[in-house]
Ligand SMILES: Nc1ncnc2c1ncn2[C@@H]1O[C@H](COP(=O)(O)OP(=O)(O)OP(=O)(O)O)[C@@H](O)[C@H]1O
Ligand SMILES: [Mg+2]
């Protein structure tokens, strides 16, 4: 062990004065570049604490194994047949679950003094939120990739090939980006990260299970089937499935993107307002 | 009244409530440009809320203010370009390194990547944090964090800087470092609004001063004026026999001023004692045969300022429902 006691003198006044006086003000950054800087901030956090990616990778893999081996035989006759049906849906589920973490991390951020600094900067108002959600999108891509890779290791072979899988992933990530504004509002309204987590999962768990992610809705009783059919998560899972199968379902894809755009249109301005006033 | 010295901050009747708490209740401020202006007040006085309104973080619900000539509500964006804030909670990102914090801010203020890095390194060197530049801020000492926080506020030198209790919790050396930086900033032309709980800090740094209590300005002036109005300090006395404290209190109250009974049952102090009156008071105690363990003259503390200005001790402001019975003086209000 080397113990070094550092006896730094007081800050060098001349250097301090030089540092203070040497700043011509640069022009304001553009909107997008300010947002991208916040995205970079999110990446740096992952770099310093890579373990935080465990959340977004372990849970989906667990679900994948659980459903494929525990229920696969019972639901679809064989595990491999079930994998073909359910993997595109599990992709949807794992990425959607990750969006809840966007709300949680925003809520955690708000308890820190650094938010006051961001809010006192002359930057485009939505930049901090837009940027951190852009950064979170990287997590969504990771969560989705993990599911697809593990699925393929278990024998999943998408008919649509590599392009189909990538297209499905892109669609799901785009949808999640829209949905994450909803959880940002939760993150801004709730009192603690835990409350955000509870509320978030309370909403997204039943919605996911009452969709066609795990079971074919034609086997369900009438009213339930009706609900499952209009559940946007079903639509997204259908779209994802169609892309993976190499037979894109145009309607499902357009509806998914429209829902995402609608969510963002409503909740983005709301988040920006809440972020300013909190 | 037209232009004398230009005012960096002009607030009139500024107010803000949180639910039923009137956090700021009609604050008027006139801060001349190029000076350090102190806002002195106990916990919960409304200092942070005032700063947050002036820095455009929250909107006032009464009154108005202009910062460097711009309205804080209608021209908030312009105000943000001219000011920076060093908040009471360290306004830096704990989960990033010191350098990353400064580069991040440089980028947000419009520097190119390379320029932001250069600026960060220059600040890290000047503020004596270069050695810790690559460490996560959550592992910084309090003094380092404060210096980083101030460095983050001057990535682009602001015309006005808000400093909210910059030395609370720092050891004397770190405190002196912060004070030096603050003096350098003012020497380079930045106006500073400094919130503090320490009269000494205001005395050391501030050119002008407002004392606030329960959301109102209760006194204004220079630190010198204020100290003069408070008296030069307090006479601290410790008795050999706690049983005679009441008697001693009566004597001190007569010869010096308001008496505070300390938590230590043998100790008491008299506010507003100059050396001469203290000498007379101590002689009086000796004359009356009250044996003393020791005594000393203390510079006025915020408590004493408050006792003198408001008739109640500073910490009671936060907790009005249970006035401590320690003060002999009745609540004047
Ligand atoms: N966001 C908030 N919500 C509710 N009450 C608040 C909020 N911010 C401040 N207050 C209340 O307003 C009053 C003034 O608070 P403020 O933080 O401005 O005081 P302060 O002078 O900065 O105190 P301190 O020295 O403890 O920092 C306090 O009673 C506080 O509890
Ligand atoms: Mg405060």
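Placed from the backbone N, Cα and C atoms, the Cβ positions cover glycine too.
According to TrEMBL, the region 'Disordered' annotation covers A:1-29.
Per TrEMBL, compositional bias 'Low complexity' is recorded for A:1-14.
Residues or ranges marked as domain 'ABC transmembrane type-2' by TrEMBL: A:51-278.
Residues annotated as transmembrane segment in TrEMBL: A:53-75 (among others).
Under the heading transmembrane segment, TrEMBL lists A:87-108 (among others). Here the transmembrane segment (A:87-108) has long-range neighbours at 55-56, 59-60, 63-64, 67, 129, 132-133, 136, 139-140, 143-144, 146-148, 151, 156, 168-169, 172-173, 175-176, 179-180, 183-188, 190, 192-193, 195-197, 200-201, 204, 208, 211-214, 233, 236-237, 240-241, 243-244, meaning same-chain residues at least 6 beyond its ends whose C-beta is under 8 angstroms from one of its own.
Taken from TrEMBL, the feature transmembrane segment covers A:129-156 (among others). Same-chain neighbours of the transmembrane segment (A:129-156): 34-43, 46, 53, 56-57, 60-61, 64, 68, 80, 83-84, 87, 90-91, 94-95, 97-99, 101-102, 105-106, 109, 165, 169, 172-173, 176-177, 180-181, 184, 268, 271-272, 275, counting only residues six or more beyond its ends whose CB sits under 8 Å from a CB of the stretch.
Beyond its flanks by at least six residues, the transmembrane segment (A:162-183) meets 88, 91-92, 95-96, 98-100, 102-104, 106, 133, 136-137, 140-141, 144-145, 148, 196, 200, 236, 239-241, 243-246, 248, 253, 256-257, 259-264, 266-268, 270-271 of its own chain at Cβ-Cβ distances under 8 Å. Residues annotated as transmembrane segment in TrEMBL: A:162-183 (among others).
Among the features that TrEMBL reports, transmembrane segment is placed at A:195-215 (among others).
As annotated by TrEMBL, transmembrane segment applies to A:250-270 (among others).
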